[in-house]
Amino acid sequence: MTLSEDTLRAVEATAGLIAAQGIEFTRAFYERMLTKNEELKNIFNLAHQRTLRQPKALLDSLVAYALNIRRINELYELKGKGLPVPPEHWAELQGFFSAAERVANKHTSFGIQPAQYQIVGAHLLATIEDRITKDKDILAEWAKAYQFLADLFIKREEEIYAATEGCKGGWRQTRTFRVEEKTRVNEIICKFRLVPAEEGAGVVEHRPGQYLAIFVRSPEHFQHQQIRQYSIISAPNSAYYEIAVHRDEKGTVSRYLHDYVSTGDLLEVAPPYGDFFLRYLEADEQAPADTQASQEFQMLQSGAINFAAEKTMPIVLISGGIGQTPLLSMLRFLAQKEGKETARPIFWIHAAHNSRVRAFKEEVDAIRETALPSLRVVTFLSEVRATDREGEDYDFAGRINLDRISELTKLEADNANPHYFFVGPTGFMTAVEEQLKTKSVPNSRIHFEMFGPFKASH
């Protein structure tokens, strides 16, 4: 299915009006939908509604779709005719499809189903009618444009569902897990080891950097089901997952997991998902989700670096606060996969508020000493305490500044082409990205994920 010129013009003509209303438009949409379809409160993070993070994410997505709709339509017209899509056309749409891939992974972790797209579409059109235009012809064209986008997501999400379910140890929707271990890492972080409730059952191996969605149902604590994603910190294996949960005093689920969930308790868990991961495929091995992907999403991986084939390419892991969790899975994986024999320079650069809340220091130091001698660990502390020792508890005082790490500067000067993976709070992420851009690091070597509703991963 492709779109007519009438549809393209209608969307392009009204997209600016939606953008001009800003989050007031998407906030009105969510208020309408969650009032009339209360069951969706079991899916949406209501805290993100209050902070307007979700309305802002939807606004960005709608505007991005409207701005790209003509080029997207041209792509599908070429595909429908069996004609090749020029490389420059793919390049122009890489940002859109990268964002779509991240959203599709989020949706599958929530267990989104095709019927729910019809609910969203009905309320989106009603909001356009209430706030943008009552022109029936324009509304009819927007309905076609929305269905076009919905079909794209429904198809991709089914590909992801099927690929994950088809893996050894895989499943669809949720599965019951038991908390095998709960460990307090420090005053604000707890670690949970999760195993299938069925004795002896295995799990699908995640890709280092992916996350689990935890479905929390506790009527005495929450009026509605709560769903949260937590990065997996364990290396890929077929027996268990480990997650680390940062206690947010303003949060609901993190406090619940810290205070009320204990060893032996049961949790409902979706399979591992996420498009932010370390791509490491041995010869003749293909990632499950890639085998199922349609052409436009396979193109996202066509130029991706396979670190199994690039044994000396440097990897730089940069984290702020709890952002270290997906990177810890990557580091553990590299320690297992490459170990002492690796010729690859690896950096672990971490920024923490102070040494008291810095997590996993002992483990990272142990990995460096026993498994990855090529690992260079660098710590920035915003707040240095009187008992902290430079060179042991931290390397640099203050906010993260990559220019202070001479080895990184040398790698860039020597054209070693290091790849940077970074995760953390919004301000931290912005600072790191700006510093890398200042060093003229191309997007192809920048990989990031922001915790929250939406920001495209590179």
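Placement of Cβ uses the backbone N, Cα and C atoms for every residue, glycine included.
So that you can see what the record holds, here are the features copied from Swiss-Prot:
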type	residues	note
BINDING	His107	heme b binding site
BINDING	Tyr211, Arg228, Gln229, Tyr230, Ser231, Met450, Phe451, Gly452, Pro453	FAD binding site
BINDING	Gly321, Ile322, Gly323, Gln324, Thr325, Pro326	NADP(+) binding site
DOMAIN	2-158	domain 'Globin'
DOMAIN	172-279	domain 'FAD-binding FR-type'
REGION	169-457	region 'Reductase'
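On the structure: features taken from Swiss-Prot.
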residue : record               : contacts (Cβ under 8 Å, 6+ apart)
His107  : heme b binding site  : Phe153, Glu157
Tyr211  : FAD binding site     : Ser109, Gln229, Tyr230, Ser231, Ile232, Pro272, Tyr273, Gly274, Pro326
Gly321  : NADP(+) binding site : His246, Ala351, Ala352, His353, Val357, Gly424, Pro425, Phe428
Gln324  : NADP(+) binding site : His350, Ala359, Phe360, Val423
Thr325  : NADP(+) binding site : Tyr230, Ser231, Ile232, Ile233, Ile243, Ala244, Val423
Q) Roughly where does the domain 'Globin' (2-158) sit in mean pLDDT, to the nearest integer? A) 90
Q: Report the DSSP secondary-structure composition of the domain 'FAD-binding FR-type' (172-279) as helix, strand and coil residue counts.
A: 8 helix, 42 strand, 58 coil
**Q.** Mapped DSSP class for Gly323 (NADP(+) binding site), helix or strand or coil
**A.** helix
Q: Let me know the DSSP-derived helix, strand or coil state of the residue listed as 'heme b binding site', please.
A: helix
**Q.** binding-site residues listed as Gln229, Ser231, least Cβ neighbours within 10 Å
**A.** Gln229
Q) Around Pro326 (NADP(+) binding site), how many other CB atoms lie within 10 A of its CB? A) 26
